[in-house]
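These come from TrEMBL:
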| type | residues | note |
| --- | --- | --- |
| DOMAIN | 1-49 | domain 'Fibrinogen C-terminal' |
| DOMAIN | 206-371 | domain 'Laminin G' |
| DISULFID | 344-371 | disulfide bond |
| DOMAIN | 372-410 | domain 'EGF-like' |
| DOMAIN | 432-613 | domain 'Laminin G' |
| TRANSMEM | 652-677 | transmembrane segment |
């Protein structure tokens, strides 16, 4: 059900995450949950335990030792199978100490130790090697006190540490740590044992190349009396051949390519041969890797080839059922040495046991260890212009000339631009030009005519007009991609012969805070523009001689004297928003600015913040400005004022409070004016009608109440 390693998941095109791996396939061990870190050439497999943090220890002595046992949520057999199949494994071991000895070097009994596989006690520490009671500084001769082989063994009253990697596979994983020297005055320690980490799958790329039909590898008899589970990869150009065969007196088991489009699994347990055949719609001898899984048990016989439908045959209810074999197992040939196999076999597993083809091939004539040519099968996993690079064990994707990165060149490289931000990539002059050169400039650049532009990028913004991309030449020609005031997309060519050519994509407002993908491809005179994977425009130039490229700018152009009015208007605002994965032919200017600013011929002006355009699109705009930028990349901003900070500054808060206070004062003045006016009227009335005084008193009281209510209303408005 599950793959046997993170390496296998990688070659399915998976990215980093938690996976179940089943190291012994159909063997008795259950699947193990691991984290696969698929971000670099080495695919790391990590298994956490119950205490990977830094833990302090006090009060431990030989009579009352401190002990921590680690639980990996798996059996010891599962971990051992994973470790044994890996090329390399490690666990970090760190011991921080203050007047707490570790190994008590050079000659004493250790005060701390760890327990590994098979409950074996180990007296060396991280960075050292088995059999030597030392720490890393002891091997490197760099300990604080050269009389000791560990920093902590100097027994000093200030904090120090011994840290290193435990990397002897036969002793891993660490299952327990014991500490016994933290019970003296001012004695204290803190330890950390990291997760188990491994890389490489010794079996996944374990392969052999069979160069003649008479060549083969032989192994001990395949014991598959009641069940057989066979899996492997193959690639070949031969019409037919036997992958493996094992004979008995009458019984046999065989897997072969019987024709370019047929794989056959044959077995006889004494009831006559049973054959399961899978037919492929396309040839299987195409020198590409193909996968075979053949199984037999008491109920059925089955054969799976790649992702084609599985062929299943039900076993007879009566007769013999035990497969009895007694000869050697032949791989890449047969006992009769006829119909041998020409090609490569890789990652051969029999009932969960991995056969080491490479080791056996080293001592067999006609068979070579390993198999070249992995890119022919896996090169399609390198995307966006990434180049597949052959390795002895597998392949890797070279993303140097891609605008993307990651193990498969699929991870976007994007950044937030603010008003005024610009990235300028300077191209080398095609030929050296001297002041005294008699040759005309047109002749100098004659061979530098660009026959094509392959431009691709993604953008997200809410601002118009905007200048997204500007490409200019030494002849003051240019190509500009802008967003007009109404949100339409324009591609503008200014050519020395044809003048200004404008191509407008007005199928919607592209300044709508959504991510849009643009491709501009010109091959010779033919121009094709795609937006969001939809063909928007085709055009044939009468003549084009776009030559001697000078620079490419993303965002605001500083040298703008030759721009036409529409481009100048867009350039006044530059670009505010997110640009992602910008590609021009084989150059990735945005990636160069973010990853290699010191060595690439690129100049960055203004604020440039690496971010993820896809994440911004999914997030709320307010959240985006808080998390990803110190400015609002989407709201309209007056260029004469500083960009608004996502987290309000103290001055903004103080200004807001002052405004509210002034408003409240005006409210109070207005109410007091009204109160005084009513009081004056009441006083005049009392002089003429003294008997109405109580009523005026009541009015005055009501006015006072109104004042309080009005002030309360003002207070409520302030809190809002």
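Glycine is no exception: its Cβ is also placed from the backbone N, Cα and C atoms.
Bear in mind that the values here come from a model prediction, so they are computed numbers and not experimental data.
DSSP assignment over the domain 'EGF-like' (372-410) gives 7 helix, 11 strand, 21 coil. Computed over the domain 'Laminin G' (432-613), the whole-number mean pLDDT of the model equals 81. Counting residues 6+ beyond its ends, the domain 'EGF-like' (372-410) has Cβ neighbours under 8 Å at 7, 10-11, 13, 15, 38-41, 200, 204-205, 235, 287-289, 456-457, 581-583, 586-588, 590-591, 595 in the same chain. For residue 371 (disulfide bond), the number of other Cβ atoms no farther than 10 Å from its own Cβ, over all displayed protein chains, is 24.
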